[in-house]
Each structure stands twice: as C-alpha cells, then as structure tokens.
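Novice: Provided herewith is a single structure, encoded as structure tokens, for subsequent inquiry.
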Amino acid sequence: MAAISSPPLTQKALKVASPDTLHLVTDAPLPTLGQDDSVLIRVVCVAINPVDGKSAEMSPTPGATSGTDFAGIVVALHGDAKSRTETADTIKTGDRVMGFVFGNNPHVLGNGAFAEYVTLPRRFLWRVPDHMSLEAAASLPVGVASVGMALHYLRISMSSLLKAVSRSIAAPSASQPHDGAFDSDANVFILVYGGGTSTGAIAIQILKAAGFHPITCCSSESASRAKRLGAVATFDYQSATCGRDIRDYTNDSLTLAIDCLSESASMAICYEAMGSAGGRYVSLDPFPVRGCVRRSIVPDWICSFTQFGQSIPWAPPYNLDERPDDHRLAEEWYHLAQKLLDAELIEAPTLEIRSGGLLHVPEGVAAVKLGQIKRRKLVYHISEEALP
C-alpha cells in the first residue's frame, strides 16, 4: 500500500447499534484495502439517503458502519492499484473522488460512508470534476448508480448509450433523437415518475443526454426545474387524469417507465400511462404485487447494492442473491457516467448543507426518514480539512 500521508490507526464512525439507532464510535479501525484495485478515501462530505434510515430500522447489522453517499480525497492505494497510476484513467492519491458504499453491510462491518475513512474499488469511484464542489459531489453517487441500473433493467444497451452520450458531448446544443439503444421498436419517450426527487432529476438529465425524450410526473413546485433539466413534458401526479394524460401525450406509445417512488399510487399511474402494447416498468424499491394489473407490462425493481458483486443478506424483500450481470453492467456504467459528469451534463440537486460532523448525522437520517427534507439533498461536512 502506498499513501501520501499516514492515515491514523483508528477513526470515528457511526455504527448500527440496534434497530433504528446509530452510535458514534471514536476508536473504530480503518477499513482495509482488501482488493487489488481498492482505494482508501478520507471522507469530506456525506449525503443522507432514505436507505440509510430504512436499512438500520428494517435490517440492522449491529457493529456495521452506516452510510452510502460520500465525497472525499484519496489518501492510499492498494499496491496493485498503485502500479496502474501511470494511465490517465486511473485514480491517484490526492484526487477528489465520490462514490457510494454498501453501508450496514453484514459482509463487511467496518466500511460505510458515515466515517472518517472509507474504501472502495477504483472501478466504483468517480473523479469529482473541477467545476463541482465536494458537497455537490456527495449528493450524486447513489442516484447516478441507480439510474444506470434502471436503464439496464429496462434493457437499454450500454454500448448504444455510450454512442448517444458521446454525440451529445460533441454537439451539446444539437437535439439528436435516440436510434435504438433498446431491444424493441418502442419510441423515444421514457416516463420518470418522481421528477422532483434527486434520482428522478438525475434520470431526466441522463435520458436527455442519451437522446431520449423524458417525461415526468411531479408536483407543480418541481415542474419548472424538471423542464429546465430536460423533461419535454411534466404532469401533475395529483391530477385524477394524470396517467391518461400521459398516454394521450405519447399517442399510446409509451413502453418504458422508471418509478422513483415505488408506491401503489405511482405504480398505478405508470401502468395507466403505458401504451396498449405494454412495455417495461422498473421501480427503485420493491413494487406492490397487487399493482401488476396488466400482463403486457413486465415489472422489475432494482437494488443498487447488487453492483458490488455480493449477496444482500438483509431482511425480505431485500435478501438478494449475487447478481453477476449487475456487477458487470456497473463497471460499464461508471465509465459512461464519468463522461457525463465531466461534460457538466449532470447537475446536482438543491443542497441543504449542515455542519456538526458525524455526531449530528443521525439527526439528518431521522429528518429524511420522517419526510422533512423536500426537494433538496441533505449534506454534512465530516472533515473541514479539504474544503477551500
């Protein structure tokens, strides 16, 4: 292992103590660099996601470090990773990076974002572009990874996506329709239910960059931002005719939907909006089986932790076997997403930045769980050392 400085032997970390309870430990060991391309990062900022509170309540692993989204500074590399630092695409010590980690992980108790140090394989990290702050960077990883996984489950080809995104980067002002990145004759509309959520907003931007025509269901308060980010049309989810209006707008041709809320009401609107030919529906959480009211629509749901190539031994329905195809897809997606980030084609959500470090992060986890954080992402400073 090579390092630009000697990390301490112990660190502060938020550990799962019991259901719905996180406890600050001041003498936790640092996570180990256990893989050939693993990287040790000093955490500067973390963002709060619903899964942080949900997993600690639903499937707590006592002693496991909590937290998913982070941004920070690379301080050490595994020896094999160091040998590849001559290539331009390889992360080096001192680089600003962002990523998300499988917190509350029964397989690896000592690695989570809510800590002073975290480790991840190089292939699951993004460099933070020069134009982006670490606070903004911390707000993006779970969302960006989830969108990539959702596109994969919609059967959209990563190679075709890469070609479309490359064209957008080369000619950002040009409006170029998509030309067949999925295995059907469906048109270019894709419905994003929840365009006002962080992940929904990211999905809209990525779909636009890939040449699709994203449409979204969101609140009236979120509609203007969704359009600015690239939605060609917005629909108020509170309207009794929302699903029918989308179906009319798309001329009965909608075949693909991403549901960022994964509730009975959101699923019902997505199903009503889909054209008579059916299609694919992907939710970001387990969907209610009773909502599967049309045989022509193939439903599925994602759990982005499957990208790490491990089983997920949480309580049902999150007890998932290893999914090698998700792991392979994620490596391709991270490469593509870095291009989007570098080209400034993904804008961070509105941020609420709080200080207080790890000691106050549980307050933020509770606030997100209670639904008190609307249309913004909650970010905490963990280390002030690397901030300007």
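Cβ atoms here come from the backbone N, Cα and C positions, even for glycine.
Take a look at what Swiss-Prot says about it:
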- Val51, Asp52, Gly53, Lys54, Ser219, Ser220, Glu221, Ser222, Tyr237, Leu284, Asp285, Ile373, Lys374: NADP(+) binding site (BINDING)
- Val142, Gly143, Val144, Ala145, Ser146, Val147, Gly148, Met149, Ser304, Phe305, Thr306, Gln307, Phe308: substrate binding site (BINDING)
Novice: Based on Cβ atoms within 10 Å, give me the single least packed residue among the binding-site residues Ser146, Ser219, Ser304, Thr306.
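Specialist: With the binding-site residues Ser146, Ser219, Ser304, Thr306, fewest surrounding Cβ atoms within 10 Å: Ser219.
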Novice: Any same-chain residues 6+ apart from Gly53 (NADP(+) binding site) with CB under 8 Å of its CB? Would you list them in sequence order, or say none?
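Specialist: The answer is Asp20, Val365, Ala366, Val368, Lys369.
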Novice: Please report the Cα separation of Thr306 (substrate binding site) and Ser219 (NADP(+) binding site) in Å, rounded to an integer.
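Specialist: Ser219 (NADP(+) binding site) has its Cα 31 Å from the Cα of Thr306 (substrate binding site).
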Novice: May I ask which of the binding-site residues Ser219, Glu221, Asp285 is closest to Ser146 (substrate binding site) if we compare their C-alpha atoms?
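Specialist: Checked the binding-site residues Ser219, Glu221, Asp285; minimum Cα distance to Ser146 (substrate binding site) goes to Asp285.
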Novice: Helix, strand or coil at Ser304 (substrate binding site), per DSSP?
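Specialist: In the DSSP reduction, Ser304 (substrate binding site) maps to helix.
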Novice: Of the binding-site residues Ser219, Glu221, Tyr237, Asp285, Lys374, which sits closest to Val142 (substrate binding site) by Cα distance?
Specialist: Asp285
Novice: In Å, rounded, how far does the Cα of Lys374 (NADP(+) binding site) sit from the Cα of Val144 (substrate binding site)?
Specialist: 19
Novice: Looking only at Glu221, Asp285, which of these binding-site residues has the biggest number of Cβ atoms within 10 Å around its Cβ?
Specialist: Asp285
Novice: List the same-chain residues at least 6 positions away in sequence whose Cβ sits under 8 Å from the Cβ of Val51 (NADP(+) binding site), in sequence order, or say none.
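Specialist: Expected: Thr68, Val142.
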Novice: Helix, strand or coil: which one is Lys374 (NADP(+) binding site) in, per DSSP?
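Specialist: DSSP assigns Lys374 (NADP(+) binding site) to coil.
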Novice: Express the distance between the Cα positions of Asp285 (NADP(+) binding site) and Ser304 (substrate binding site) as a whole number of Å.
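Specialist: Spelling it out, the Cα of Asp285 (NADP(+) binding site) and the Cα of Ser304 (substrate binding site) are 10 Å apart.
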Novice: Write out the long-range same-chain contacts of Phe308 (substrate binding site), meaning residues 6 or more apart in sequence whose Cβ is under 8 Å from its Cβ.
Specialist: Phe102, Phe124, His327, Ala330
Novice: Nearest to Glu221 (NADP(+) binding site) by Cα, among Val144, Gly148, Ser304 (binding-site residues)?
Specialist: Val144
